[in-house]
Amino acid sequence: MLHIADKTFASHLFTGTGKFASSQLMVEAIRACGSQLVTLAMKRVDLRQHNDAILEPLIAAGVTLLPNTSGAKTAEEAIFAAHLAREALGTNWLKLEIHPDARWLLPDPIETLKAAETLVQQGFIVLPYCGADPVLCKRLEEVGCAAVMPLGAPIGSNQGLETRAMLEIIIQQATVPVVVDAGIGVPSHAAQALEMGADAVLVNTAIAVADDPVNMAKAFRLAVEAGLLARQSGPGSRSHFAHATSPLTGFLEASA
C-alpha cells in the first residue's frame with residue numbers, strides 16, 4: 001500500500017487525462033490500469049460544470065482527483081490556479097507544475113519551491129513536479145510537500161529514465177514518497193522505476209497515444225506490479241565478475 005498525506009492507495013500507478021481520443025477511452029484506460037489517483041489540468045476543464053466531458057466521468061469512476069497547475073509560468077499563477085481548483089473541486093490535493101518554456105516543459109525550480117512553500121502554508125497537499133535534482137527535492141520535502149515528483153525525461157518524450165543516477169539519490173534520501181513523473185514511454189520504464197525504489201510512477205502520454213490505450217494501460221499495470229514485487233523480493237547484487245551457477249570442477253576431476 002502507498003501512503004501519501006491522508007490517503008492510502010493500493011495502486012502504485014498514477015495516470016493523467018490528456019491526449020486521449022475521447023473521454024470514454026480515457027475512463028476505460030484508467031480502469032484497465034487500476035489507477036486510483038488521476039491528474040487533470042485545470043485549463044482543460046470547465047470548473048463551473050461538474051458534467052464537464054472530462055470531469056464528470058472521473059467523478060463517476062470514483063478516483064482521487066489531483067488537479068494540476070499545468071500552464072502556469074510563475075509561482076503567482078500556480079497559486080491562483082490552486083485556489084480555483086480547491087474552490088471548484090473541494091480538494092486540497094494539488095500537483096504543482098510550473099514550466100515557463102513551452103518547448104521543453106521543464107519545471108522552474110525557483111518558482112516551484114516558492115509556490116510550494118506558500119501553498120503548504122495555505123493548507124494544500126502539494127505534490128510538485130520537479131527536475132531530478134536531489135537538493136531541490138530535499139528542499140521541497142523540508143517545506144512540507146507530501147511527495148516529490150521528479151522527472152525521468154521531458155514531458156511526453158517517451159525517453160524513459162534518462163535521469164536515473166539522480167533519481168537513485170533522490171529515492172535514497174527521501175522521507176516522503178517519490179513519484180517518477182514524465183518521460184516514461186513503455187511499461188519496462190515503469191518497472192525499472194519501481195525496481196530502483198520509486199514509490200509510484202505517473203504515466204499519461206505513453207498510454208493515451210498508444211494504438212490500443214486500454215491494453216497499454218493493462219501492460220503498465222502489470223509492469224508496475226512486477227517492478228514492485230521484484231524490489232520487495234530482494235534482487236541479487238550486481239557484480240563485475242561471473243559467478244557460476246552450476247560449478248563443474250568436482251565432476252570433471254572425479255571423471256579424470
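In case you wondered, yes, glycine gets a Cβ from its N, Cα and C as well.
Annotated in Swiss-Prot:
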{"type": "ACT_SITE", "residues": "LYS95", "note": "active site, schiff-base intermediate with DXP"}
{"type": "BINDING", "residues": "GLY156, ALA182, GLY183, ASN204, THR205", "note": "1-deoxy-D-xylulose 5-phosphate binding site"}
* Cα-Cα distance, maximum over GLY156, ALA182, GLY183, ASN204, THR205, record's 1-deoxy-D-xylulose 5-phosphate binders, Å -> 9
* Nonlocal neighbours by CB distance (under 8 Å) for GLY183 (1-deoxy-D-xylulose 5-phosphate binding site), same chain, sequence gap 6 or more -> LEU151, GLY152, ALA153, PRO154, ILE155, GLY156, SER157, ASN158, GLN159, GLY160, LEU161, GLU162, HIS189
* To do: Report the residues of the chain - excluding GLY156, ALA182, GLY183, ASN204, THR205 - with C-beta within 8 Å of the mean position of the site's C-beta atoms, for the recorded 1-deoxy-D-xylulose 5-phosphate site, in sequence order.
  => GLY16, ALA153, PRO154, ILE155, SER157, ASN158, ASP181, ILE184, GLY185, VAL203, ALA206
* **For ASN204 (1-deoxy-D-xylulose 5-phosphate binding site): intrachain residues, at least 6 apart, with Cβ closer than 8 Å** => THR15, GLY16, THR17, GLY18, LYS19, THR39, GLY156
* Asked: Rounded to the nearest angstrom, how far is the Cα of the residue listed as 'active site, schiff-base intermediate with DXP' from the Cα of ALA182 (1-deoxy-D-xylulose 5-phosphate binding site)?
  -> 13
* For the residue listed as 'active site, schiff-base intermediate with DXP' and THR205 (1-deoxy-D-xylulose 5-phosphate binding site), what Cα-Cα distance in Å is obtained after rounding to a whole number? -> 17
* Asked: Around THR205 (1-deoxy-D-xylulose 5-phosphate binding site), which residues of its chain at least 6 apart sit with Cβ under 8 Å of its Cβ?
  -> GLY16, GLY18, LYS19, ILE155, GLY156, ASN158, GLY185
* Structure fact -> Out of LYS95, GLY156, ALA182, the listed recorded positions, fewest other Cβ atoms within 10 Å surround the Cβ of GLY156
